Amino acid sequence: MSTATVLSGSAAAADIKRELAGRVLALRDRGIVPGLGTILVGDDPASHSYVGGKHRDCAEVGIASLRIDLPASATQADVEAAVLRLNADPACTGFIVQLPLPAPLDMHAVLELVDPDKDADGLHPTNLGRLVLGVPAPLPCTPRGILDLLRRHQVPITGAQFCVIGCGVTVGRPLGLMLTRRTEHATVTLCHEATRDIAAHTREADVVVAAAGVAHLVRPDWIKPGATVLSVGLTRTVEGILGDVHPDVDRVAGTLAPPVGGVGPMTRAMLITNVVEAAERRAAGGA
Ligand SMILES: Nc1nc2c(c(=O)[nH]1)N[C@@H](CN(C=O)c1ccc(C(=O)N[C@@H](CCC(=O)O)C(=O)O)cc1)CN2
């Protein structure tokens, strides 16, 4: 029987979108229309679904949408040209390149071309560098959403022992950086595929964030009773979507973010938050 409190990202995202809609209205009153651009390459169904969701969110809160969809045959030059187009478009306040890019496209070369002031994902090297230095920057959406979700549910962060599984560029690695800022001051263990005994680390953790993309990797006996567990990574199978956390973990965890309706909606909510913040900076005479 489940005893865990559910961290509902869907409910939190609905609150965030209501609040953002008011801020967008205030910007529009001043003649500023925030616009989100997306660049999507190829036919990956999950990526198409995520980008579709991002534009639905924009419509809900009054953000304009600029969508560039390129075929799987797009070259590096095609993708880079799309980035330069959005860099130059005054209607675009911020934009993202949906990841992963199909092979053999070079993600790093593409991300480096994004104007750091329009970097709605916080993944430009300049903005990741600012994160390392602890100075203001747009923050990567999933880690920002995770921290927001924890705060909304009063899950202690400062001084807590976190175990993050997965050190990818969109979740694990920036989350580790954010958790160790002075404002969070958590203790973080970052595990990855070469970690010898991941369970030994998760069993010590107050908060476990599973972002490895390995279905049901985290088992109930990996979790300290009462701990907070966030299931972030997703695997799509013929039976449906499986999270990185085994469903039986809900018998041991005190608090649990499920794979669907947990962190995903927060990722989207933080993306439009980054766009509105960029528009507000522009309105204030900044970037
Ligand atoms: N440029 C980026 N690419 C990718 C990012 C990112 O932050 N920036 N993160 C992921 C995918 N992602 C956003 O793009 C994302 C993942 C999941 C969800 C979501 O809402 N999930 C649903 C469940 C899944 C489903 O039904 O399909 C949920 O939790 O309810 C949103 C966004 C990789 N790429």
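A Cβ is built for glycine as well, from the same backbone N, Cα and C atoms used for every other residue.
Predicted, not measured: the structure shown is a model, and the values here were computed from it.
According to TrEMBL, the feature NADP(+) binding site maps to Gly166, Cys167, Gly168. Annotation source TrEMBL lists domain 'Tetrahydrofolate dehydrogenase/cyclohydrolase catalytic' at 7-121. The domain 'Tetrahydrofolate dehydrogenase/cyclohydrolase NAD(P)-binding' annotation in TrEMBL covers 140-282.
Compute the center of the Cβ atoms of Gly166, Cys167, Gly168, which mark the site for NADP(+); besides them, the chain residues with Cβ within 8 Å of that center are Val164, Ile165, Val169, Val171, Gly172, Arg173, Leu190, His192, Ala211, Ala212. In this structure, of the binding-site residues Gly166, Gly168, the smallest number of CB atoms within 10 A of the CB marks Gly168.
Taking Cβ-Cβ distances under 8 Å and a sequence gap of 6 or more within the same chain, the neighbours of Cys167 (NADP(+) binding site) are Arg173, Gly176, Leu190, Cys191, His192. The average pLDDT computed for the domain 'Tetrahydrofolate dehydrogenase/cyclohydrolase catalytic' (7-121) is 98.
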